[in-house]
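Here is what TrEMBL says about this protein:
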COMPBIAS  1-12  compositional bias 'Basic and acidic residues'
DOMAIN    85-154  domain 'Translation initiation factor 5A C-terminal'
REGION    1-20  region 'Disordered'
Amino acid sequence: MSDEEHQFESKADAGASKTFPQQAGTIRKSGYIVIKNRACKVVEVSTSKTGKHGHAKCHFVAIDIFNGKKLEDIVPSSHNCDVPHVNRTDYQLIDISEDGFVSLLTESGGTKDDLKLPTDDTLLTQIKDGFAEGKDLVVTVMSAMGEEQICALKDIGPK
């Protein structure tokens with residue numbers, strides 16, 4: 001055959017998909033769903049009966065996990081919906097910079113400096129006040145579909 005070597009350039013990521021398909025009829029309240037390309041947590045599901053021509057429909061009411069906006073979608077229950085891979089990771093807070101970015105300590109001992117402070121006012125004041133008091137704080141970072149945001153805070157005592 002051919003003695004030439006073929007070079008393939010890979011332009012994809014590591015193969016880990018941001019979403020996975022799941023049948024609409026199996027998605028329940030407090031599960032996750034992608035609506036309008038946003039990762040959302042389902043707060044209400046209602047299913048309509050099958051009509052004269054076919055499919056039962058699922059009506060989803062969900063809240064965007066990053067900005068808190070309410071989104072709705074209606075999907076035939078036999079069709080597939082995208083469900084985001086949602087991960088929660090705990091990091092220790094090292095520093096808060098002037099421009100609103102946080103410096104976090106990863107489990108491997110490295111630092112993560114690409115996250116902004118949360119937009120939620122109560123969580124923001126808790127983080128700033130706790131850091132100013134010199135407490136050891138652990139923040140929980142939620143990540144889905146290439147987006148990350150601080151969503152919770154734990155106080156693990158004084159330094």
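A Cβ is built for glycine as well, from the same backbone N, Cα and C atoms used for every other residue.
Note that TrEMBL annotation is computational and uncurated.
Taking H, G and I as helix, E and B as strand and the rest as coil, DSSP gives the domain 'Translation initiation factor 5A C-terminal' (85-154) the counts 12 helix, 39 strand, 19 coil. In the predicted model, the domain 'Translation initiation factor 5A C-terminal' (85-154) shows an average pLDDT of 89.
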